[in-house]
Amino acid sequence: MTASAKMASILKLCAVLFVAVSLCSVSADPDLLQDVCVADYASEVKVNGFACKATFNATDFSSEALAKPGLTNNSMGSLVTAANVQKIPGLNTLGVSLSRIDYAPDGLNPPHTHPRATEIVFVLEGELDVGFITTANVLVSKSIKKGEIFVFPRGLVHFQKNNGKVPAAVIAAFNSQLPGTQSIAATLFAATPPVPDHVLTKAFQVGTKEVEKIKSRLAPKK
């Protein structure tokens, strides 16, 4: 191999390694540029996240939001309690957040996605059937119990169901200060303004009456 050919091979290998390292270092949120940037909820400055407060203290970095079980007396039998940047201003620019999810017996955290984060759950109590669906329409699922962990990749539709006879609970961690949540059913059938009926009837291969029935059940309570 000539010297020029060897150099070309080395440069190609360097390029591949550079791309690989770059991809591995990508996080869900942008990297912070200073020690802290405590969210200033009162600021009128619009940025990707929140503007920084001039002063801060320990209370900006702490919360008791997840200390108590959430009330699950709703139609789904579950409740998500978030501990994100909207609740803890010190999380601004740090790229992490938590949630607590409580499930009544037979409770469901319905199919949904997090467009800005991967999620990992740790079971505090009970047992759950969990799963996600890949973009190739493959269901990846299993049952998990107290002390076990399951990961839901960023952006993929996923769910958790308590098929047990006792309440269950998990702590969920995200690699974003505000992962965002889109519940599939509510997004399609309870959007404002509404998704046209002809779109939904075509997509789900059902009649208008069925679509209107689902919309009425998922409509926000007034």
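Yeah, the Cβs are placed from backbone N, Cα and C, and that goes for glycine too.
All TrEMBL annotations are machine predictions without curation.
Taken verbatim from TrEMBL:
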BINDING   N109, H114, E119  oxalate binding site
BINDING   H112, H114, E119, H158  Mn(2+) binding site
DISULFID  C37-C52  disulfide bond
DOMAIN    64-212  domain 'Cupin type-1'
SIGNAL    1-28  signal peptide
If you measure from the Cα of C52 (disulfide bond), which of the binding-site residues N109, H112, H158 is the nearest? H112
Over the domain 'Cupin type-1' (64-212), what does the predicted model average in pLDDT? 97
I'm trying to understand the geometry here, so how far is the Cα atom of H112 (Mn(2+) binding site) from the Cα atom of C37 (disulfide bond), in Å to the nearest whole number? 30
From the centroid of the CB atoms of N109, H114, E119, the recorded oxalate site, which same-chain residues not already listed sit within 8 A by their CB, in sequence order? S99, H112, T113, V121, F152, H158, A172, F174, P179, T181
I need the neighbours of the Mn(2+) site defined by H112, H114, E119, H158. Which other residues of that chain put their C-beta within 8 angstroms of the C-beta centroid, in sequence order? T113, F132, F152, L156, V157, P179, T181
Which has the fewest other CB atoms in a 10 Å radius around its CB: H112, H114, H158, the listed binding-site residues? H112
Minimum Cβ neighbour count within 10 Å among the recorded positions C37, C52, N109: which residue? C52
